[in-house]
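Colleague: Sharing the feature lines straight out of TrEMBL:
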TRANSMEM  21-45  transmembrane segment
TRANSMEM  71-91  transmembrane segment
TRANSMEM  98-118  transmembrane segment
TRANSMEM  147-168  transmembrane segment
TRANSMEM  175-200  transmembrane segment
TRANSMEM  212-231  transmembrane segment
COMPBIAS  244-307  compositional bias 'Basic and acidic residues'
REGION    244-328  region 'Disordered'
TRANSMEM  343-363  transmembrane segment
TRANSMEM  383-403  transmembrane segment
TRANSMEM  410-430  transmembrane segment
TRANSMEM  436-457  transmembrane segment
TRANSMEM  469-488  transmembrane segment
TRANSMEM  494-519  transmembrane segment
Amino acid sequence: MESESSTSSSSSSSSSSWFREWVTVSLGLANTLLFSGILCGWAALQSFLEDDHIYDHLCNSDCTERDNRMMFLYGTGQMFSIFAYACLSFLMDRTGPIFLSFFGGLFETAGLLMLGHLQAPVLSQGGEGVAGVDDVLSQLPFDLFDVAVVLTGIGGSALMVHALKLAFIVPPERFAWVMTLANCMVDGSSVMPAALYQFYRIGESFSRARIFSIYACLCFCLNGLIIWCWWGSPSERLSAKNAEEAREREKEDVEEAKEERSERNEGSKKKLQEQDRKENTEDSEDSRNASEAGEHERIEGGEPREAELEELGAESSSSKPRVASKPRLHGQKLTSQLQSFEFAFAFVLFITQGFSATSYMGFNKNLLKAKGDQDTAFFFTSFSQIFVYLLPSSILFAPLFSMSLAHRGFAFSFTVMLFLGLVWSVATLLPLKAQLVAFIAFTNYRAILYSAYFTFLAHTFGNRTFGSVNAHLSMLAAALAWLIGPSTSASQRWFGSLVGMSVLIILLFVPPSLLCNWLDISANIHLEMYAISRDPTERRTFGQLCLMYEFRASPESHASR
């Protein structure tokens, strides 16, 4: 009876433990959808500000200067957002998700409140101000809207980093699915400003201040609930994963030391055999006519040598080929990981494609306006609104992205992503109606880009150093985000349009395309090094191997390669 009760209690506690993890994941994904990518829906945020006559004093004969100011505002927010993303990724390995949820919720709430309640740009321009602005605020040497977008961007980055930890507390076979869904939720978050903007257009009862106040309160309460959910088994599961990776690294170090010792023994054995052959040759020449008794004594004199050879070869003969259960970089020092080909590939991919995706999100509204976009340009709505509404549609294809990663591997998934990127970047050079093709290609391109990228980082480098590796990659990307505004202005000044930005983005697809083939080759080399079976009948799935490299080529194709 006692054993039965203990068994039932343990099973119920196990199920409740997984239940708490899934509740945490569900709330975390909802939090990511609602608040992580507010700046990605910049077109709707810009409409909020324009309808409330923000920066109208910059409009003279046209509003080009106001559009440039809006782009600078977006670029500032994105730059601080990516810098914060890098710094928080460093802290992620040390502080954990509870800190990220608290920090992100606090900054996001403050930024949303400011975006809702600021009524005019607060600039110190020789005492000139806008009517109705408070005298104290008018003396500030900076624009409070810059502060608002910076706080919103930093908070959103913290919530993005928090979402990346959700996949580590679910069963391994669900890792790729949760990671893909988390990145799709970031894309879906970009539609939230558009949804809020529709409430704003209903009437005076839904003012910008009221809408953003309610939205900020929801953010604060939801993150408080997530913090409570993380206490207990979810946090313990993360700590257990870190400890497991450290133990795996220690085991591999011991096995490597044994292999080196075995190799040294093999070398010593070969030397002794070579010496025996030389001695036997010399002895046979000197005692060719010797008696059998002398020959017998010579053979007996070699017995200790044979015994020594057997002793040296005992350990090497008992050694077995090592089979890796994790990718080769798991548990290694951060400095070793940063010198790997995998890090170089991730660096090139994130720098080029991160800049391309972020740039298009910022200048898309101005691009469509230059092509003649209006509020009734397409079925009584504008193309810019269609673009915002289509961004979360990539969630529908999340299972396909996960299947692509699980069954075809990273090289194939990144190749599909680059093809979609080339489609939307070329479409930006075409007339207005062709932009629908660009919208559909872009939303799926962006979803598979970040899904495959973060899955690649997590499975390649492991949970223990995932945040630190991600932070190194994000530092330069943050500096490049600041160049979005100047690049857009330079394209307008030199070409009279945004065609220069489109050409630049097309050229940025070349470097990662060249590296995709080498990524596949590198993965195959790692499999050879770790003696992982290449028999398709013996190979397990992505989740069963808990983030292991997938290799789907047949033995014949591998041999030909």
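Any Cβ shown, glycine's included, is placed from N, Cα and C.
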Colleague: At a threshold of under 8 Å on Cβ distances, which of 147-168, 175-200, 383-403, 410-430, 469-488 pairs most often with the transmembrane segment (71-91)?
Modeller: 469-488
Colleague: Any chance the transmembrane segment (410-430) and the transmembrane segment (21-45) have 3 or more Cβ pairs under 8 A, given the pairs are 6 or more apart in sequence?
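Modeller: Result for the transmembrane segment (410-430) with the transmembrane segment (21-45) is no.
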Colleague: Under an 8 Å Cβ to Cβ limit, what residues of the same chain, 6 or more beyond the ends of the transmembrane segment (469-488), are close to it?
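Modeller: For the transmembrane segment (469-488), the far contacts come to 68, 71-72, 74-76, 78-83, 85-90, 92, 161, 164, 334, 337-338, 343, 346-347, 350-351, 354-355, 358-359, 362-363, 366, 454, 457, 461, 498, 500-501, 504.
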Colleague: Would you kindly list the residues that approach the transmembrane segment (494-519) from elsewhere in its chain, counting only those six or more residues past its ends and only Cβ-Cβ distances under 8 Å?
Modeller: 341, 344-345, 348-349, 352-353, 355-356, 359-360, 363, 366-367, 370, 410-411, 414-415, 418, 421-422, 425-426, 428-429, 487-488
Colleague: Using Cβ atoms and a strict cutoff of less than 8 Å, what residues sit near the transmembrane segment (383-403) while being 6 or more residues removed from its termini?
Modeller: 40-41, 43-44, 176-177, 180-181, 184-185, 187-191, 193-194, 364-365, 368-369, 373, 377, 413, 432, 435-436, 439-440, 443-444, 446-448, 451-452
Colleague: Going along the chain, which residues at least six beyond the ends of the transmembrane segment (147-168) come within the CB cut-off of under 8 Å?
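Modeller: 24-25, 28-29, 31-32, 35-39, 73-74, 76-78, 80-82, 84-85, 88-89, 92, 96-97, 100-101, 103-112, 114-115, 118, 174-176, 178-179, 182-183, 185-186, 189, 223, 226, 237-238, 241, 454, 458, 463, 466-467, 470.
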Colleague: Under 8 angstroms for C-beta pairs, at least 3 of them, ignoring pairs fewer than 6 apart in sequence. Is the transmembrane segment (343-363) in contact with the transmembrane segment (212-231) by that rule?
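Modeller: They do not touch: fewer than three Cβ pairs between the two stretches lie under 8 Å.
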Colleague: Residue list, the transmembrane segment (21-45) vs rest of chain: Cβ under 8 Å, 6 or more residues beyond ends.
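Modeller: Sequence-distant neighbours of the transmembrane segment (21-45): 74, 77-78, 81, 97, 101, 104, 108, 112, 115, 149, 152-153, 155-156, 159-160, 162-163, 166, 169-170, 178, 181-182, 185-194, 196-197, 218-219, 222-223, 225-226, 229-230, 233-234, 237, 361-362, 364-365, 384-385, 387-388, 391.
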Colleague: Pairs of Cβ atoms less than 8 Å apart decide it: which stretch in 98-118, 212-231, 436-457 has the most with the transmembrane segment (175-200)?
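Modeller: Ranked by Cβ pairs under 8 Å, first place goes to 436-457.
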Colleague: Near the transmembrane segment (212-231), which same-chain residues lie under 8 Å Cβ to Cβ, leaving out any that are not at least 6 residues past its ends?
Modeller: 20, 23-24, 27-28, 30-31, 34-35, 96-98, 101-102, 104-106, 108-110, 112-113, 115-117, 159, 162, 196
